[in-house]
Amino acid sequence: MTMALRNAFLLLFSCILAISFSVWARPATFLEDFRITWSDSHIRQIDGGRTIQLVLDQNSGCGFASKRQYLFGRVSIKIKLIPGDSAGTVTAFYMNSDTDTVRDELDFEFLGNRSGQPYTVQTNIYAHGKGDREQRVNLWFDPAADFHTYTIMWNHHHIVFYVDEVPIRVYKNNEARNIPYPKLQPMGVYSTLWEADDWATRGGLEKIDWSKAPFLAYYKDFDIEGCPVPGPANCVSNPGNWWEGTAYQALNAMEARRYRWVRMNHMIYDYCTDKSRYPVTPPECMAGI
């Protein structure tokens, strides 16, 4: 091996090593990377902690959170939702900055329904303390029959919510138009199962049928890839992070088609078109995809 080739190899190895240490890898088990935040008696580990059962009954709901916070990256979890009559329940998977006044938050909220009716997933985004950006989509499959993958992609260019590989929500970085975008505060990963029958199903008209309790949801394949905070100072600005790459800066052609299909066929509420709440269309709603 020539000296020049050897030096080039060492440089490449150093770059790969630097990138690998700046990115948090896939969690191995629930206990390794998450902590129970609420009612540990209602969270049960299955298969050595690789699958988690969340329980809601008349005594309590429950919740868990990541042990670390992250700034940019991708978070993905497979969830099997409550089967049968789940009206009044909410199963939530979200990222939150855990700050009181100026909160950043990215929400998946699965709103239960009566047997035979579709599950609704509500997404919401808080940026610099401003929220109230709800959109609701009826899922086009039974999310209680099997596990499905729910993903939040968050980089400097946009935030995308995916159901399996289908984008259902895009929030672009439009700071150039003075629209707030979460980029300064790290966020933890959270999940909760709780009673919300004052609003969750048909605006609170459908109440929980406690005779169907306990209500059970299942989680597995916890996947977090992002910049841990505290962590390497150069991670957030590292252009080598895969989620900042060209392929992830906008939806590709296939994703854009799927996104339009969801919005045309399955969206049931969009704050952008709610003139009773917003007589003037919010500026971020004009950005498109």
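Cβ coordinates come from backbone N, Cα and C, glycine included.
Those TrEMBL annotations? Automatic predictions, nothing curated.
Sequence-distant contacts of Glu105 (active site, nucleophile), defined as residues of its own chain at least six apart whose C-beta falls under 8 angstroms from its C-beta, comprise Tyr94, Met95, Asn96, Ser97, Asn124, Ile125, Tyr126, Gly131, Met187. Sequence annotations record features per position, and here TrEMBL assigns active site, nucleophile to Glu105.
Within 10 Å of the C-beta atom of Glu109 (active site, proton donor) sit 19 other C-beta atoms, taking all shown protein chains into account. Under the heading active site, proton donor, TrEMBL lists Glu109.
Sequence annotations record features per position, and here TrEMBL assigns domain 'GH16' to 21-219.
Counting only residues at least six positions away in the same chain, the Cβ atoms of Ser86, Ala87, Tyr119, Thr120, Thr201, Glu206 sit under 8 Å from the Cβ of Asn113 (N-linked glycosylation site). TrEMBL lists Asn113 with the feature N-linked glycosylation site.
As annotated by TrEMBL, signal peptide applies to 1-25.
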